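Student: As annotated in Swiss-Prot:
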BINDING   GLN19, HIS116, ASN159, GLU160, ASN297, SER428, TRP429, LYS435, TYR437  D-galactose 6-phosphate binding site
ACT_SITE  GLU160  active site, proton donor
ACT_SITE  GLU375  active site, nucleophile
Amino acid sequence: MTKTLPKDFIFGGATAAYQAEGATHTDGKGPVAWDKYLEDNYWYTAEPASDFYNRYPVDLKLAEEYGVNGIRISIAWSRIFPTGYGQVNAKGVEFYHNLFAECHKRHVEPFVTLHHFDTPEALHSNGDFLNRENIEHFVDYAAFCFEEFPEVNYWTTFNEIGPIGDGQYLVGKFPPGIQYDLAKVFQSHHNMMVSHARAVKLYKDKGYKGEIGVVHALPTKYPLDHENPADVRAAELEDIIHNKFILDATYLGRYSAETMEGVNHILSVNGGSLDLREEDFTALEAAKDLNDFLGINYYMSDWMEAFDGETEIIHNGKGKKGSSKYQIKGVGRRVAPDYVPRTDWDWIIYPQGLYDQIMRVKKDYPNYKKIYITENGLGYKDEFVDNTVYDDGRIDYVKQHLEILSDAIADGANVKGYFIWSLMDVFSWSNGYEKRYGLFYVDFETQERYPKKSAHWYKKVAETQIID
């Protein structure tokens, strides 16, 4: 049976400042930690990315032509405050006013994120969100943006608090490149959630007319053997690290006893302690019912089995299937069942996981209000032929996930929109330029845009709301 989506459903495309804009040192933009980190550790940089800084009118015209009526954009903090605080960079402010005006001209609603992995270098080198001063700087930055950009109707505080902590302190593929420090992971998550809560409370106290929420990456975690209590426990602990800790902070305003028991177990095995203060929980409690929406970024699920041994994580950054490894001492090991397909980067393709995660939020956090799927898509080594890409695999991937959303809505979940990652091809943090996600192919040499087969398909779905 052909499935449909509601008439008011947003069919969006997602971007991020550092992955799309280029112009990393242009017009007074301050440095971010990624600038030097990429030069020192990778075979690519964020120049020119998709040159969105100059070519956003082209991308927004394409969005309008192809039925994309929402766009995720992030503001580069260091374009507004080059050192994270203090002096405002007027040219950066002007750029975003112009960008948002173009969005509205093209009838593409901007959903604007304040922080998408790109803390200014001056703050990052001073501990990033492990340093509590950063909470104050972030709230000041948020306050400035809320006041300066009244044309923005949808605000997101952070993109993917979970993967930031994981990337910086667990996997070690984000600057500062620290591995296996679970205490820093949880402390980073916590301090960023406090920052989120304080920004949300400020937004509501000021009476701004728009909406505000947060974007969490929520990869669903399953036990490899549902009958094995040790595997079930491994999945529960892995879920606490990546999902439950931050969801509790968002919607409970505290960490449940079950969550803290898991956190304490993980830290007892791996070392370290947390600094959780009374005023933190006052802030979390004050914001827990103020989130207008939850953004869910969903790409994959994981299966966990019990594991006794040392932590080892190997990141597959070059698309060599089967080269990744993930096992955490005292938690478990990721082992995918043979029947589940995966990408060349070992990302597990499992649309049912999205349904299960949405229903988990609905059940466990009934004060969630509404959900947008703020990222979902397929990274591919696209073959560019005949000025296009015949990306049937991407179409199939997106189709399956949209059908899941139709099911979730039918079963009572309030899902209001979907943003494909990504609108056009962008640079990928730890994979460079080979891993493409866009509806529009970008020739990174010429910066020309070419609609892929998926763009034509997405346009039809957006126009008809029929998933075909």
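Glycine residues also receive a Cβ, built from the backbone N, Cα and C atoms like all the rest.
Give me the structural setting of these features: burial, nearby parts and distances.
Tutor: In the three-state DSSP scheme, TRP429 (D-galactose 6-phosphate binding site) falls into the coil class. Neighbour density for TRP429 (D-galactose 6-phosphate binding site): within 10 A of its CB lie 21 other CB atoms from the protein chains shown.
Its own atom aside, the Cβ of GLU160 (active site, proton donor) has 25 Cβ atoms within 10 angstroms in the protein chains shown.
Counting only residues at least six positions away in the same chain, the Cβ atoms of ALA14, ARG72, VAL215, ALA217, GLY295, ASN297, TYR298, TYR299, PHE419, TRP421 sit under 8 Å from the Cβ of GLU375 (active site, nucleophile).
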Student: Would you count the other CB atoms within 10 A of the CB of ASN297 (D-galactose 6-phosphate binding site), including those on all shown protein chains?
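Tutor: The answer is 23 other Cβ atoms.
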Student: How big is the gap, in Å, between the Cα of GLU160 (active site, proton donor) and that of TRP429 (D-galactose 6-phosphate binding site), rounded to a whole number?
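Tutor: GLU160 (active site, proton donor) and TRP429 (D-galactose 6-phosphate binding site) have their Cα atoms 13 Å apart.
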